[in-house]
Amino acid sequence: MTDRPILTTTAGAPVPDNQNTMTAGPRGGVMLQDYQLLEKLAHQNRERIPERVVHAKGWGAYGTLSITGDISRYTKAKCLQPGATTPMLARFSTVAGELGAADHERDVRGFALKFYTEEGNWDLVGNNTPVFFIRDPYKFPDFIHTQKRHPKTNMRSATAMWDFWSLSPESLHQVTILMSDRGLPVDPMHMNGYGSHTYSLWNDAGERFWVKFHFKTQQGHQHYTNARGEEIIGKTREGYQEALFGTIDRGEFPKWTVQVQIMTEAQAEATSFNPFDLTKVWPHGEFPVIEIGTMELNRNAENYFAEIEQAAFSPSNIIPGIGHSPDKVLQARVFSYADAHRYRLGTHYEHIPVNQPKCPVHHYHRDGSMNMYGGLATGNPDAYYEPNSVDGPVEQPSAKEPPLKIDGDMSRYNHRDGNDDYSQPRALFNMFDADQKGRLFSNIAAAMGGVPGVIVERQLAHFKMIHEDYEAGVRAALESQHGYKVDTISATPTAAE
Ligand code: NDP
Ligand code: HEM
């Protein structure tokens, strides 16, 4: 006999035989009382949970945030003070593909971070891009519909994507990044991460500052062309998992330099662009980056499902000294994520170890399915309502963020009115060298195969507003890749495919 552990039922009783079903005679039938058989089959039927509605395919690891810079005059957050180190979890992802999608597809990459601070979990749920496709949260479900499968064909639809994008010029900045080299990073280590939204920092004196968070890869940027991506997918669909897991397993820990940009409330009144518009960056020349520390990933999960699939990130998770901003998309996300977790993981998703804060948790929510710890972790069974006279948990006024002056008439403001959707994509386009521009044109043309001419022309008109060369380059690539021609006689644009 070895000293191997004894196999048990989920109730802890030893299992006498895990090879042979209990039957009446050697030929069967099966005895209903063979509960271990029932339990094995029943558990197997419950091994899958809903995949994330977006960002389903992901790769994650644990690490540390180390603060070396001093931004204590902007924030009281303990995890952002000089010398602070905070354990954290990162999950990278593609947006559109399902759980079984190939890793090396052109897509925006999710860059979700959970910092287990002593003041509660702080989640920064960003992407590898500093901007996004939309600026009004009404558009998010529609946008995602265009990225997912067509309800009739059950295939992804280039027509739907470009129809939506061409009718939504605020997407131009993000579309340009997506179709540029950075739209297909070689792996999670060789790309930047961005908080993307404007958040806020606030200090003990009750002053608020607007902030952008950036995580700059120390491994350098590396990208694949579409052709190389296709070759890799032909060999492995799990290239990101292999790269991230492998590099940490070998002890080669990837690092990112953590930077912030800061804007005062007064400056925010005077910028030429809306600083809460998610389709815009803050130009570095006007708002220089301040280096504040390093993020390192140094530990793989022991169980992918328990720790990465069940990880629940939410922009609602902020801590004293860090706050949200009026960004409409951010405000909607404050609702959407915890709601998604309650559906995908269960009411008490924060009881799952990977999501548990590493500080004491005291609240008055009670009962509910999968409640592991009772409604209240006070050790006082009489304190199950509030206010009470039995020394139950009480609020902490110092955690209240400073007041924010808001004015204006309640209405539905057209988020496209007066917005310049072209200047920042132009600044990006002008940064690309001739080869980068060539790949941009070619990637866009490849993604437009089969799209009706009327949609193609609408999109080309937007590219022309960015730069004449942008439109001309994409048009030439459409011609060479798809034989695309504008029907000049009827003036009705047509597509050869
Ligand atoms: P800067 O010249 O100061 O900064 C340029 C930025 O562009 C750098 O952060 C660089 O990232 C990034 N960059 C370089 N190549 C690409 C690419 N192919 N795709 C996406 N980003 C790239 O200029 P500005 O701050 O005035 O911004 C000009 C344009 O740069 C913006 O309109 C925006 O499109 C883009 N950009 C700006 C950022 C910002 O926060 N200001 C952030 C990212 C992009 P890196 O440092 O990693 O090399
Ligand atoms: C995942 C909603 C915009 C980054 C998700 C999920 C939902 C969602 C429901 C799945 C959560 C889960 O099941 O665990 C929305 C809505 C948005 C929005 C409603 C806009 C109104 C954005 C933006 C970013 C972003 C702007 C980045 C700047 C992510 C990331 C994930 C994610 C990284 C994956 C998190 C993980 O790894 O678990 N989003 N999203 N989303 N979203 Fe968004």
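Placement of Cβ uses the backbone N, Cα and C atoms for every residue, glycine included.
Curation does not apply to TrEMBL; its annotations are automatic.
Taking Cβ pairs closer than 8 Å, the region 'Disordered' (1-21) reaches residues 30, 34-37, 39 in its own chain, all 6 or more past its ends. Taken from TrEMBL, the feature region 'Disordered' applies to 1-21.
Break the compositional bias 'Polar residues' (7-21) down by DSSP state and the numbers are 0 helix, 2 strand, 13 coil. Under the heading compositional bias 'Polar residues', TrEMBL lists 7-21.
According to TrEMBL, the domain 'Catalase core' annotation covers 8-394.
Annotation comment: TrEMBL describes H55 (among others) as active site. In this structure, H55 (active site) belongs to neither helix nor strand by DSSP; it is coil. The Cβ of H55 (active site) has 22 neighbouring Cβ atoms from other residues within 10 Å, across all protein chains displayed.
According to TrEMBL, the active site annotation covers N127 (among others). The C-beta environment of N127 (active site), restricted to residues of the same chain at least 6 apart in sequence and closer than 8 Å, consists of V108, R109, G110, F111, G193, Y194, S196.
Take the CB of Y337 (heme binding site) and look out to 10 A: across all protein chains shown you find 20 other CB atoms. Annotation comment: TrEMBL describes Y337 as heme binding site.
Calculated from their C-alpha atoms, the gap between Y337 (heme binding site) and H55 (active site) amounts to 12 Å.
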